[in-house]
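Engineer: Just passing along the structure, written as structure tokens.
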Amino acid sequence: MVKVIVAGYKGRMGSTAAQMVIDNPDFELVGVYDARSEEQNLGEDDRFKGQNVPAFHDLDQIKTDATVWIDFTIPTAVYENAKFALNHGISPVIGTTGMTDEQVAELQKLAKDKQVGGLIAPNFGISAVLLMQFAQQAAKYFPDVEIIEMHHDDKIDSPSGTAISTAKKIAEVRQPKEQGNPDATETLPGARGAEYEGMRIHAVRLPGLVAHEEVMFGGPGEGLTIRQDSFDRISFMTGVKVAVEKVNQYHELFVGLEHLL
């Protein structure tokens, strides 16, 4: 039985993760945390009536025997949350994006020092993991590429962690290249999107969307588009479940769900 605490349970991803833990007979939800809440018990939330699980709204309050910390909070909170988990011997499974490379490196060092496993996943959807792998393969042959990520309009950070991770994987194998006409101008600033290693990333925010990404490659006389769609947040729970099951087997902090698959 894996004992789990879920951080960010008031949000849509966090509440979905909490329900996944409750529904899984191999997991036990032993606590929830959300700095926005003043509830003392998860059962006070209308979505979780009948559940008797301690709820915390301050890290200093947390007393738990959890071995896994699922985090779907916000970019400004996730780093401190992950440090708290690692310092208490709890393996973090982090779906919150927005941390800097320096923060990730510090967490990886802390995990190694504490001999605690952990995972930071820009995306827990299996289709998104496959998209990144396929895009990396295609980039060996198509150095001209643009990334378009599309999310719901409540998403705070842009571009998405998945788009950045996709760009990093492409950059590992792509021939260095500055795309487009070197004399090109923008009538409206930002029209060509954000620049990363010579390629462009575009972020779309609209109501009705959940999480979607297209990677478009172009070559002489041909093109290739790889697309992934998450239509419901439940699609991410397969990856979260895998992470919860496996993360305690390791003694380091991985970045990317593919390391556990």
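Glycine is no exception: its Cβ is also placed from the backbone N, Cα and C atoms.
Just lifted these from Swiss-Prot, have a look:
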type: ACT_SITE; residues: His151; note: active site, proton donor/acceptor
type: ACT_SITE; residues: Lys155; note: active site, proton donor
type: BINDING; residues: Gly8, Tyr9, Lys10, Gly11, Arg12, Met13, Gly95, Thr96, Thr97, Ala121, Pro122, Asn123, Phe124; note: NAD(+) binding site
type: BINDING; residues: Arg36; note: NADP(+) binding site
type: BINDING; residues: His152, Gly161, Thr162; note: (S)-2,3,4,5-tetrahydrodipicolinate binding site
Engineer: Just give me the nearest neighbour of Phe124 (NAD(+) binding site) among the recorded positions His151, His152, Lys155, Gly161, Cα to Cα.
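Structural biologist: Ranked by Cα distance from Phe124 (NAD(+) binding site), first place goes to Gly161.
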Engineer: Of His151, Lys155, Gly161, Thr162, which is closest to Gly8 (NAD(+) binding site) if I measure between C-alpha atoms? They're all recorded positions.
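Structural biologist: Comparing Cα positions, the closest of these recorded positions turns out to be Lys155.
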Engineer: Near Gly95 (NAD(+) binding site), which residues of its own chain have a C-beta under 8 A away, given they sit six or more steps off in sequence?
Structural biologist: Met13, Ala17, Ile70, Asp71, Phe72, Ala121, Phe124, Phe236, Val240
Engineer: I need the most crowded of these recorded positions: Lys10, Arg12, Arg36, His151, His152. Count other C-beta atoms within 10 angstroms of each C-beta and give me the top one.
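Structural biologist: Of the recorded positions Lys10, Arg12, Arg36, His151, His152, the highest Cβ count within 10 Å belongs to His151.
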Engineer: Neighbours of the (S)-2,3,4,5-tetrahydrodipicolinate site His152, Gly161, Thr162: Cβ within 8 Å of the Cβ centroid, same chain, sequence order.
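Structural biologist: What remains near the Cβ centre is Thr97, Pro122, Asn123, Glu149, His151, Lys155, Asp157, Ser160, Ala163, Ala211.
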Engineer: Report the nearest neighbour of Arg36 (NADP(+) binding site) in space among the recorded positions Arg12, Thr97, Pro122, Lys155, Thr162, comparing Cα positions.
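Structural biologist: Checking each of Arg12, Thr97, Pro122, Lys155, Thr162 against Arg36 (NADP(+) binding site), the shortest Cα distance is to Arg12.
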Engineer: Considering only the recorded positions Lys10, Thr97, Pro122, His151, which residue has the minimal Cα-Cα separation from Thr162 ((S)-2,3,4,5-tetrahydrodipicolinate binding site)?
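Structural biologist: Ranked by Cα distance from Thr162 ((S)-2,3,4,5-tetrahydrodipicolinate binding site), first place goes to Pro122.
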Engineer: Taking every protein chain in this structure into account, which of the recorded positions Gly8, Lys155, Gly161 has the most other Cβ atoms within 10 Å of its Cβ?
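Structural biologist: By the 10 Å Cβ neighbour count, Gly8 comes out on top.
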